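All remarks here apply to the structure that follows.
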Amino acid sequence: MPFTGATRVLGIIGQPVSHSLSPLMQNAALQAMGLDYAYVPFAVEEDCLADAVRGLAALGVVGFNVTIPHKSAILPLLDRLSPEAELIGAANVVKREGSDLVGYNTDGTGFIQSLSEDLGFTPAGCRILVMGAGGAARAAVASLAGAGAASVVIANRSIARGEELSAAFRRHFIGTQFAAIPLDPENLNRCVQNFDLLVNTSSVGMGGTAFPGMDLSRMGPHGAVYDMVYVPAVTPLLAEAERCGIRYANGIGMLAAQGECALELWTGVRPPEGLMKACLMAALMS
């Protein structure tokens, strides 16, 4: 579809964004839906964020994704936040609504959708271990508690940060128990059988880097493992799950699902089911 003066603009801001697969899947969906939009990546340095947001608003951009390192820093630059973005403390989607820029967070929704579609896993009543305490962990913990998890334990190198995250969500989700433990392989190996789901939200394992010392053999076949890292497709953590006969999934489904939610927010139309995920998988296999 040729671009004209009537073409509406969507995009993604971050630094770096050259590696982002969002333009690929979003433009493929827009073309399949016959919508006159273009989705463009914008590299934005941290000290230029405010100028970039003002510029995008002035140019009439319909909406944009927000990625590292701007998901939290952008909040004070927006006019309003969705309840999810406010609770998580981060926005990965911005939509222009009248003269306002409104921040949303579709990461949690995408994560829960991927758990269901890729693992057949429902968090309600389950005991869950989340590794990491950064922005991705905040979205995961909030969505798991919101879906009725019985308990969420946060394992992080800085236990103080894990405890801070636990305390923040404990006030909002009284039906879920929260705790924090050190992200220490020996400690995790001893207690892994106590969990129904293990979620890695950290960057450990990205690019095939080793996940030191993990032994999931005590978890048993009832458990499940989710790694938000998706390059490589089978990370060291997922390879360990496979060795132990535990069902597992990587983060490609979450990336696709949050993108579907974002596109529906911007256009009011749900993209064809499975299209974004198929685009991503084809790109990663090529």
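Each residue, glycine too, has its Cβ placed from N, Cα and C.
Model, not experiment: these values are computed from the prediction.
What Swiss-Prot records for the shikimate site is Ser20, Leu21, Ser22, Asn92, Asp107, Tyr230, and among Thr67, Thr201, Thr267 the residue it adds there is Thr67. The sparsest Cβ neighbourhood within 10 Å, among the listed binding-site residues (Gly132, Gly134, Gly135, Gly251), is found at Gly134. For Ala136 (NADP(+) binding site), the nearest neighbour among the listed recorded positions (Ser20, Lys71, Asn92, Asp107, Tyr230), judged by C-alpha distance, is Asp107. Least packed by the Cβ count within 10 Å, out of the binding-site residues Leu21, Ala133, is Leu21. The DSSP secondary structure for Asn92 (shikimate binding site) is coil.
A straight line from the CA of Ala133 (NADP(+) binding site) to the CA of Leu21 (shikimate binding site) spans 24 Å.
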